[in-house]
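Taken straight from Swiss-Prot:
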type	residues	note
DOMAIN	7-211	domain 'Glutamine amidotransferase type-1'
ACT_SITE	CYS82	active site, nucleophile
ACT_SITE	HIS186	active site
ACT_SITE	GLU188	active site
Amino acid sequence: MNQADNSTVIIDTGCANLSSVRYAFERICSDVIVSDNHDLIKAATRVVLPGVGTAGAAMASLKDKSLVGLIQGLTQPVLGVCLGMQMMTQVSKEHGGRDIDCECLGLIPTDVEELNSQGQPLPHMGWNQISPSMHPLFAGIPAGSYLYFVHSYRVPLSDYTIASCEYGETFSAAIAKDNFMGVQFHPEKSAAIGSKILSNFLALDKASLDAALQEPKS
């Protein structure tokens, strides 16, 4: 199979939301591949890391497919979705029935802990508003936009937060470092705003992302 010049590869992690993520991208562009093939992933213009379930099970799947080191070495734009974002951190406190923390990909220096919902129901499920930054992933996304969330664990606010949300506490709705970006919400379930965020990601390649990140912020 020949690799196209402008391709998006969704990593086949075996998770349940692969189809919905793929369909969301296919509504915007045709060149979307779901694969765990190392050569295809490395050659892609951009890569998506989806995930649902527990961090431990998801990381075990990546290890079984020998994908951990490959993902850590990617230089093109990479988008983690929901659990995919959480796997980009250093450590997750979501034990998934184990007694130890889950070591993650270590791409963004922050951790995952249980969401302090201040007595509100968990998981945090449904539509909620975000406060986005000037990061190119959120180009044209107004403050207060609603996106769809389903999660019980969260990444705290830090220098790597590029969008925030509040549910009991304020947490990172999206994080980024260099070419790695992650969103806690489900853009594939978030109607027009979610599609716009995916379109923003599809507009990125290594050169354009590097240029955007080097622009001075007003």
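Quick reminder: no glycine exception, Cβ is built from N, Cα and C everywhere.
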For CYS82 (active site, nucleophile), nearby residues of its own chain (Cβ under 8 Å, 6 or more apart in sequence): ASN17, PRO50, GLY51, VAL52, VAL150, HIS151, VAL183, GLN184, PHE185, HIS186
Under 8 Å between C-beta atoms and at least six apart in sequence, can you list the same-chain neighbours of GLU188 (active site), or say none if there are none? ASN17, SER20, VAL21, TYR23, ALA24, VAL81, GLY194, LEU198
